[in-house]
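According to Swiss-Prot:
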- T49, C50, N51, R52, S114, E119, P120, Q121, Q125: substrate binding site (BINDING)
- C50: active site, nucleophile (ACT_SITE)
- H104: site 'Important for activity' (SITE)
- G201, A202, G203, E204, T205, I206: NADP(+) binding site (BINDING)
Amino acid sequence: MTILVLGINHKTASVALREKVAFSDEKRLLALKQIKQTQLAESAVILSTCNRTEVYLHNKNVGPQNDEVWLDSCVQWFADIHQVDLEELKSCLYSQQNLQASRHLMRVASGLDSLILGEPQILGQVKQAYQMSEEYYSLHSDIGMMSTELSRLFQKTFATAKRVRTETHIGESAVSVAYAACSLARQIFDSLRNLNILLVGAGETIELVSRHLLRHGVNGLAIANRTLSRAEKLVEKLETTQKIDIFSLDRLSEGLKRADIVITSTGSPHVLISRNLIEQAQQMRHYKPMLIVDIAVPRDVEESAGEIESVYHYTVDDLHNIIQYNINQREQASQQAEHIIQQESADFFEWLKVHQFSNLIRNYRESAEIIRQDLLEKALQALQNGENTEQVLQELSHKLTKKLIHQPTQAMQTMVKAGNTEGLQAFSHAVKF
């Protein structure tokens, strides 16, 4: 085993467990440092989103005889760094290796393993995860650069995801978790046009939500974020003539008192909107219906918020039914995408196998070239000394054959003694006898 992925996602684990194993930027750096210091792997890439946490590792020194030991060590490390119970983690954890690992990454980056089938947002998240690891290894070159194998896998993955987008219809509709959140709002309220909508956060997900809402003619839009400058930049990116109010999180209670809909997605490690804060807002609003869609992991809204009168509280996990419709629409395109991924992952794995033994192949060829040059030099010298040309050529061909087949013959004898029938069959097929 040289390449391993292990992780959890929305299919295998609840939002509560996903919160526990999410990587903040600080913890990501700590993880990359630990992985290298403990020699768990040569290099790694950590993908942490609302719906999944995955660690991709490469260790060329792990062979078939100790791959299970390595896997166990990786799982134990994963549990330790997040301080979660090992058995609880194992019940939700999946792992893949080599060909299956490369295929899994390509499926993830192409949106085939997302909550919404084919959603494009994940590709950007995979690229960002790769870039963060690449930057880490560049800044810490004393511990080594990212391995060629892992780098090649991610570059191949990006090209594959682009091919899937180009050659299939899987990305024609703009669907994402953000789109699902907006769809939910349109299902609960007849019209969004005259409602006050509060967005908490200013990241990529909130940007997508904003664009969906503006396309549906929303007039009362406000954005709350920890830093006003980032919220201002988001409004600039939206390039809209619609007035959008922005304010910092210390005025969140004021925003809640005006909001009919709250959609939140921040990177906060703690709850931002408590039940008490919502209750105060609802009292001021005379308990008019309020929809809260919390698409952050860890969650931004206190879990018991849905118990408040006239409050409709949804998390990422609650969006499943809305998303299922989109999945059904994209099944046909996904089959074509799976075929592309099967081709590309097999192509990468063939490269990986050759690359692993590239030094062996190169050394064998260099050795053969040295033998050829040595024997040729002796033959030319013999001809210059006036020896019979046919005899010199016969001797040259005989010695060249004998020396070149010496190592392969020894290898065959070793395989015979070891009972390695698969190796012998592969060898006989290669030399066609």
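Glycine is treated like the rest: Cβ placed from N, Cα and C.
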Which listed residue (N51, S114, Q125, T205) has most other Cβ within 10 Å, given these are binding-site residues: S114
DSSP-derived class (H/G/I helix, E/B strand, else coil) of E204 (NADP(+) binding site): helix
Least Cβ-crowded entry, counting other Cβ within 10 Å, from the binding-site residues listed as P120, G201, G203: G203
Largest CA-to-CA spread of substrate binders T49, C50, N51, R52, S114, E119, P120, Q121, Q125, angstrom: 15
Surrounding CB atoms that lie within 10 Å of the CB of C50 (active site, nucleophile), all protein chains: 23
Fewest other C-beta atoms within 10 angstroms, as judged across T49, A202, E204, I206, which are the binding-site residues: E204
Chain-internal residues near H104 (site 'Important for activity'), provided their CB is under 8 angstroms and they sit 6+ positions away: V5, Q96, D113
Between the residue listed as 'active site, nucleophile' and T205 (NADP(+) binding site): CA-CA distance (Å): 10
For the NADP(+) site built from G201, A202, G203, E204, T205, I206, further residues of that chain with CB within 8 A of the site's CB center: L199, E207, L208, V209, L234, S265, T266
Nearest-integer angstrom distance between the alpha carbons (Cα) of N51 (substrate binding site) and E204 (NADP(+) binding site): 15
Candidate nearest G201 (NADP(+) binding site) in space, where candidates are the recorded positions C50, P120, Q125 and distance is Cα-Cα: C50
